[in-house]
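These come from TrEMBL:
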DOMAIN    14-201  domain 'YrdC-like'
BINDING   THR36, HIS68, ARG123, ALA143, SER183  L-threonine binding site
BINDING   ARG59, ASN63, THR119, SER145, SER153, ARG197, TYR233  ATP binding site
Amino acid sequence: MNAHNRPRTVPADSAGIAEAAALLQAGKLVAVPTETVYGLAARADRAEAVAAIYRAKGRPDFNPLIVHVPSLSEAAALAEIDARAEALAARFWPGPLTMVLPLRAGTAIAPAVTAGLPTLALRCPAHPAMQALLAAARLPLAAPSANRSGAISPTTAAHVGQSLGQAVDLVLDGGPTAQGIESTIVALRPSGWSVLRPGPITAEQIAEVLGSGGEAAAPGAAIEAPGQLASHYAPGKPVRLGAVAAEADEFLIGFGAIAGHASLSPAGDLAEAAARLYAALHEGAAAQQPRIAIAPIPESGIGAAINDRLRRAAA
Ligand code: AMP
Ligand code: MG
């Protein structure tokens, strides 16, 4: 990308956050660090601001957005919080857990945010820059990942600039994100709960709080979480999973004993692998080899979320 196509990028310090808050209040788009990946934020109560998110990402309009709030009380103004939601918030908020809850009637949330669903996805992020921004803007912020729809998620400010260019008005640079993989999404329905997207908080951890009322993902889950499209996180070249060695034309992403051209974690640590996943996919996408291969990743803990993303990257 040419230098002049890069969006204005400033450190996520108090001056940067003040500038970002003013832009958001004016209906502009700001990319922000969170503990998961960089988000593309806009005020959730303005139809034009929300429309700008869909336009910048090239996102299909049936794919709803997650709304970020500073605490449970702001969440309660937007959605119906039951005892289960309260218990999950007490345990995991602020943090990488998104809850899908019944939307409250008469809120100011723009209809495009929920893509017409009667539910709202809410998250209270832990990243200090995002918390400071929510406090300064005093607005609920819709924020999907800050990348073109279907492409690799951004874990650095540079990834955001490469993917979105000047479609974003400002990027707050808070360094590489800590967890590196999108939030867990849990739907709380009258009939029970289910994980719509695996993430840093595992289904087992949720079951510890809610008991074993978890449902298997319903056949309708594809409609309920439309973002869970089979192909996503695509590096733009073929991806082979479960590889123990590279073919001549492959860039191998290693794990543990399999070194590869780049490694998610030489020590075989799954949290480190999650944090490095998207940067490694970006590296593989930019490499000279026409194909990417990836070492097997264990399915335990956050490994389930890593493998979920890898299956979609390979699809
Ligand atoms: P991202 O664009 O990476 O932030 O992904 C947001 C995810 O949240 C997508 O998978 C959406 O489908 C999902 N989502 C947002 N709102 C809802 C909702 N009301 N019900 C179910 N899934 C939702
Ligand atoms: Mg995304």
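Cβ coordinates are placed from backbone N, Cα and C, and glycine is handled just like the others.
A distance of 19 Å separates the Cα atom of HIS68 (L-threonine binding site) from that of ARG59 (ATP binding site). Less than 6 Å separates the Cβ from ligand 2 in the case of SER145, drawn from the binding-site residues ARG59, ASN63, SER145, SER183, ARG197, TYR233 in sequence order.
A C-beta separation below 8 Å, combined with a sequence spacing of at least six in one chain, links SER153 (ATP binding site) to VAL37, TYR38, SER145, ASN147, HIS159, ILE181, GLU182, TYR233, TYR278.
Comparing the Cα of ARG197 (ATP binding site) with the Cα of every entry in THR36, ARG123, ALA143, SER183, these being the binding-site residues, the smallest distance points to SER183.
Residues THR36, HIS68, ARG123, ALA143, SER183, recorded as contacting L-threonine, have a largest CA-CA distance of 13 Å. Cβ-based crowding with a 10 Å cutoff singles out HIS68 as the top-ranked of the binding-site residues ARG59, HIS68, ARG123, ARG197.
Fewest Cβ neighbours within 10 Å among the binding-site residues ASN63, SER145, SER183: that distinction goes to ASN63. The number of other CB atoms found within 10 A of the CB of TYR233 (ATP binding site), across every protein chain shown, is 25. Annotated pair ASN63 (ATP binding site) and THR36 (L-threonine binding site), C-alpha to C-alpha distance, rounded: 19 Å.
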